[in-house]
Amino acid sequence: MSKKAPAKEGKKLPRAATWYEIDMEKGVFRFKNKLCPKCGSVMAFHREPVPRWHCGKCGFTQFQR
């Protein structure tokens, strides 16, 4: 019989909670990452080999200066 894994200590936030910045004073939350200007999907930031924002859906890339 398989045994259950031991319970993890401390409560982890859901993964989606790490995608937003929450300002409790103003009661506002906003998305941390950029949205693609071409298709509206979420863009990922890559540091190597050159810092850039890249959309995995449509392939749009915006290089940092």
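Here the Cβ of each residue, glycine as well, is placed from N, Cα and C on the backbone.
In Swiss-Prot this protein carries:
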- 36-58: zinc finger (ZN_FING)
- C36, C39, C55, C58: Zn(2+) binding site (BINDING)
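Its own atom aside, the Cβ of C55 (Zn(2+) binding site) has 20 Cβ atoms within 10 angstroms in the protein chains shown. Cβ contacts within 10 Å of C58 (Zn(2+) binding site), excluding its own Cβ and spanning all protein chains shown: 13. With DSSP classes pooled into helix, strand and coil, the tally for the zinc finger (36-58) is 0 helix, 9 strand, 14 coil. Residues C36, C39, C55, C58 make up the record's Zn(2+) site, and a Cβ search at 8 Å around their centroid adds P37, K38, G40, S41, M43, G56, K57, G59, F60 from the same chain.
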